[in-house]
Each structure stands twice: as structure tokens, then as C-alpha cells.
């Protein structure tokens, strides 16, 4: 199997397409950042679920994602319409995504007597439809171009808009929930979810209209056996997969647990809003620099730098203790800078593993690669959130009450020391990644040569 040469020319991707593609992540992050930052807190402190039960809901969703994400990748890469393989899912499924997001926050309002069951069902529904939209959007970066530099630009655009979505969600969600719902936080969160869903739908339609699929493949769609063989041989993908799982668990534990750390250890619930806003602003400010480093030096080196920065930031946060509020803000910003590098690198490295697997086996199936990768992100995020819920129970946390000294120390350990260990492990794993910019370019040339023969 080869590639058509015109598909890899960098000039073929317009600035409008790069911006439009990135804008899709603004819409997705209105949903996903709301899920990641506030849904566990909503379950425990607004809906009144036991922390272990709330964490269990996230854990159950991992089993569901393990099926739906790879399955969606297989389905999407085998779709053939006038809109392409991946674009139609953005057009037709995004309205359902918004509706399912609202249902997640409406469940305890409309079914308070069965809140736990309603939360579980609506959570699984949202994750299913998020997969239907999210996997095709991610896979588009491999279908738009084979140029490594252009993929770095696409990843940078995604990160810029994703960070903007995260800033909006992190800063506005508590304010909107409080102002729209008054003293009824459950109602406030539901109305906030409706607002986010409407905005996200418009943005996702803009993304659909802005992009086109340019990469042409000169072979039939592979069967399931061939797809499994290419996955088995694709060591570059599995190394990146391992890095993402390890780092995402670490960063998820950090961002979820500091909500409790700010409220009970620092003693200022509003500090988490300020810290997470600074975190996302720092990440946004660093995107262009990391994108340039990925384009001109090395994507793997960019990833290594981000992971090392996060490891240092988490360790210093643990060592500063609860009295260093300014240090808490500054080091959270440093972590945002490191996370920015990681995300830019992840999404620019992943499409390169598609050609690596194709070069090793002669089979190309980017849908399953992106499906599994999205599963790795959601699964590790869910594991991190679930772990926070279980660990809160283990250290004796009780919602809306004064915490014991042992519990407060446990919150520090969960918030900073565990993430530091995870980030350090990911830093070691990335050293085994086999693809440099030069090697990927040589692989693409070889694949193009097979088509021309």
C-alpha cells in the first residue's frame, strides 16, 4: 500500500483549514473539560453521591470506552461518503453530543430518587456520542496531510483552541452555575451545560465546513486481521500510548484533586478557579513556542521537555506545603506550560505512527490508531478521576466538613506526589520512541515511491 504524493505537500493545507480544524477542539473542550474538571465534584458535592460510588461511575465508563473507541475507529475508517470518511460524523452527531452533555447534569435534577443510576446511564450515553464525534475529528489530522511540519501546525491549532475552551470552562463554570442557579447549584450546572452545548454545536459545524480530507490511499480498506497485524507491529504507537496513559493519569489526578486541596488545605475554594485559569493561560501562552520547537527540532524532544517540567512542578508543589499560596499559583502555571508541550507533541506525533505502521506492514488504518489513542486518553483520565474518588474515601474525606490532619496530608500526597511519580515514569518511557523527523520523512518518501512504481 502506498500514498499519493500530492497528499503530503504542505502547501495544500490552507490557513483557514488549520484554524477551522483547531476550532473543533474548542467545542469538544467545552464538553470534555467540564467533564474532567467539575463532574466528579458535581457528583459528590452537588448530587450527593458517595465519593467511591462517583469514582466507580468513571471506572465503569472505562470498560465502555474500551469497546466503543476502537470500534468507532474501525467504522469511521471504513466509511465512504461524499463528505469523506470522517467529516460526516461531525455534521450529524454533534447535536446529539450537546444533548447528552446536558442530560449528564440534568440527571440528578429530574431523577433525584435514582440519582446514581441516572448519573451512570447519562454518563455512558455522553461518552458514546463523544466517541462518535471525537475519534473522527482526531483522525482527520492523518487524513488531511502526511507532512510532519503541517501536522505540528494542526496540533498547535488544536491546542490553542482546546486551551481557550479549557479557560472558558475552568473560569466560567463555577460563576455561571452560581449565577444561573442561585442557591440551587444542580439547576445552575444544568443551565450552564445547555449554554455550552449551544456554543459547541456552532463551533463544530464551522470545523466541519472548514476541512477536507486530502490523503489518498491506493489500496482497499484492510480487513480486521490486517488491522490487528499493523497494530501489533507498530511499536512507535504503543510507546506513545504508554506515555499518554501514564502522563494523563498523573495530570488528571493533579487537576481533579486540587479542587479539594484548595478548599480544605489552603482554605480558599476560589483559589482553584484562579489556579486553573492561570494554568490554562500559561499553557496557551506557551503553545506557539512548543509548536515551533516541534516543527524545527523534534516532537519527541518537545514531549520530553514537557514531561520533565511537569515532574519538577509537582514535586515543588508537594514540598512548598499549604502556606505557599503564591507558589501554588506559580507552580500550577509551570505545570500548565509543561502540559502544553505534551499535548502539542502527542497530537503531532500520533499521525506519524500511522505511516510507521504502514511502512512496517503495508497496511494503513488510521481510524483504529486514533480510536485506540482516544481510548487511552479517556481511559487514563477516567482512571485518574476514579482513583481520586477512591483515594478520597481511603484518606477519610467527608464532603463539606472539616478534615483531620491525616486527611489534609493525604490530600497533599494525592494532589502532588502521585502526579510527580507518574510524570517521571512517562519521561523515562518517551526515550524509547523510535521516530525522528528525518526518519518519518524518509518513510513517507518510501511509501510515495511505492505508489509511483
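Heads up, the Cβ atoms here are built off N, Cα and C, so glycines get one too.
These numbers come from a predicted model, not from an experiment.
Per TrEMBL, the listed range annotated as transmembrane segment is 382-399 (candidates: 364-381, 382-399).
Of the candidate ranges 21-43, 115-140, 186-208, 275-293, 326-350, 115-140 has the most C-beta pairs within less than 8 angstroms of the transmembrane segment (49-68). Between the transmembrane segment (236-255) and the transmembrane segment (186-208), the number of CB pairs under 8 angstroms, six or more residues apart, is fewer than three, so the stretches are not in contact. For the transmembrane segment (161-180), same-chain residues at least 6 beyond its ends with a Cβ under 8 Å from one of its own Cβ atoms are 22-30, 33-34, 37-38, 187-189, 191-192, 195-196, 273, 276-277, 279-281, 283-284, 287, 340, 343. Proximity of the transmembrane segment (411-433) to the transmembrane segment (115-140) is not established, fewer than 3 Cβ-Cβ distances being under 8 Å for residue pairs spaced 6 or more apart.
In this chain, the transmembrane segment (186-208) lies in contact with the transmembrane segment (21-43); the count of Cβ pairs under 8 Å, excluding pairs fewer than 6 apart in sequence, is at least 3.
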